[in-house]
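These come from Swiss-Prot:
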type	residues	note
BINDING	GLY171, ASP172, ARG173, GLN174, THR175, GLY176, LYS177, THR178	ATP binding site
SITE	SER375	site 'Required for activity'
Amino acid sequence: MQLQLNAAEISELIRKRIEGFEADTEARTEGTVVSLTDGIVRIHGLADVMFGEMIEFPGNTYGLAMNLERDSVGAVILGPYQHISEGDRAKCTGRILEVPVGEALLGRVVDALGIPIDGGGPIEAQATSPIEKVAPGVITRQSVSQPVQTGLKSIDSMVPVGRGQRELIIGDRQTGKTAVAIDAIINQKGTGIKCIYVAIGQKASSVAGVVRKLEEHGALEHTIVVAASASESAALQFIAPYAGCAMGEYFRDRGEDALIIYDDLTKQAWAYRQVSLLLRRPPGREAFPGDVFYLHSRLLERSARVNAEHVEKLTEGKVKGKTGSLTALPIIETQAGDVSAFIPTNVISITDGQIFLETDLFNAGIRPAINAGLSVSRVGGAAQTKIIKKLGGGVRLDLAQYRELAAFAQFASDLDEATRKQLERGQRVTELMKQLQYSPMSVGQMAVSLFAANEGFLDDVEVDKIQDFESALQGYMRSSHGELLDKITKTGDYSDEIAAELRAAIENFKTTNTW
């Protein structure tokens, strides 16, 4: 039997096949892994890669393109890389690194990529944001005029921090730098300020301790913890602050206020140095790469107070008439008090002031161990509440005169009455500035203590009784003059009427002798 080939039938069949053919083509540049050393991968053949682009490796692993050379690309791998080997394919993604942002992250602990590590389930984020963003321009910024109360007498009275400011916390190891930052976070409870705590290169146990303390004091619900612990790769430690900053910018650009702590930027600089040296970039001073200043300046310049037009534009008109701010408290660890080292001088020059913590003061039991002479706030004075500004000036002056006279008094045997009084006043004010950890004070409580010091109510109290006197006075004010404290905390105003009320209350308390 002979088969008859029907040309019409065959052409119809071919036509249907052609019509049903779906050509889903995806143009992606692919390259080959040439070498892999210490988390740094060299790739050949990625012609169209951008700087900072995400590169996809087998096993759902990603890297960050950092060196674009003539015939190869140097990238850092974000995460474990044991399963990657020479000859593997690497693909361009056409995307830059983004992290989840939004309210859903509050109360959670995430890694540098925004992935939850607290066992609390996945995060349903409202949006994602690139970790690298251009800082707000000069025109979109607004001057710092509202305070961020840390709850610490010595900071709020002498080195005040404003919303949108960058205030450096600098000191040797074990001087209470993290304690100051954690107290500041705890004090934001109920103020509406969202907090981001970025832990860089710390022990996982230390981060767990911080999270536990925040939880105990009810401060975790308004805080995001971004942790890149010491066990994680240098690449993740290097990008963690940028990820935290992107999360803070979400609130800033919606007309809200946020506070970010970088703990600490010394370790970020070390991680960046490690990555740069492995990428064979030329080393400079202290073996840091040439752009280590830019590493910190582009991060800290993103902390700012932005005007209402900027917020309105970014929210597409949903939020009107509200300014937003991102306040930064970067931490730098010094070696043997050397603030003239490379990284400390860099960050001091970028920030709007510094809180200098000293080992000698810490060991002498003066905690927080703030050196009032070296600590300064360049823009915070404009943001201080009226009452703290009025009362804090006297305290700063007392301490400055005390430091000067104390050095002189070591050599002088007979001191005149005025000098002796000044020394005694200084000792009492120094004692008054001591504060227990995790016990931040309200503006009203602070005003009472500062008023007592300024008006000479402490002059007849023994130096070793000052702390007892203060806690008894605060207890008395809370129970008998709670309304006055609330009024001062709410308004922050200072008038002759308030001064008279405070004077009468403290005089009345002193007659009881209950301390």
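If you go along the chain as it appears here, the first residue is 1 and each next one adds 1.
Each residue, glycine too, has its Cβ placed from N, Cα and C.
All chains included, 18 other C-beta atoms sit within 10 angstroms of the C-beta of ASP172 (ATP binding site). The Cβ of GLY176 (ATP binding site) lies under 8 Å from the Cβ of LEU357, PHE362, ARG367, PRO368, ALA369, GLN437, each of which sits 6+ residues away along the same chain.
Reduced to three states, the DSSP call for GLY171 (ATP binding site) is strand. On a Cα basis, SER375 (site 'Required for activity') lies 17 Å away from ARG173 (ATP binding site). Under the three-state DSSP scheme, GLY176 (ATP binding site) falls in the coil class. Distance from the CA of GLY171 (ATP binding site) to the CA of SER375 (site 'Required for activity') is 11 Å. Ranking the binding-site residues ARG173, LYS177 by other CB atoms within 10 A of the CB puts ARG173 at the bottom. Apart from GLY171, ASP172, ARG173, GLN174, THR175, GLY176, LYS177, THR178, the residues listed for ATP, the same chain places the Cβ atoms of GLU333, LEU357, THR359, PHE362, ALA369 within 8 Å of the centroid of those Cβ atoms.
Around the Cβ of GLN174 (ATP binding site), 13 further Cβ atoms fall within 10 Å across all displayed protein chains. Each of the recorded positions THR175, THR178, SER375 was scored by the number of other CB atoms within 10 Å of its CB, and the largest score is that of THR175.
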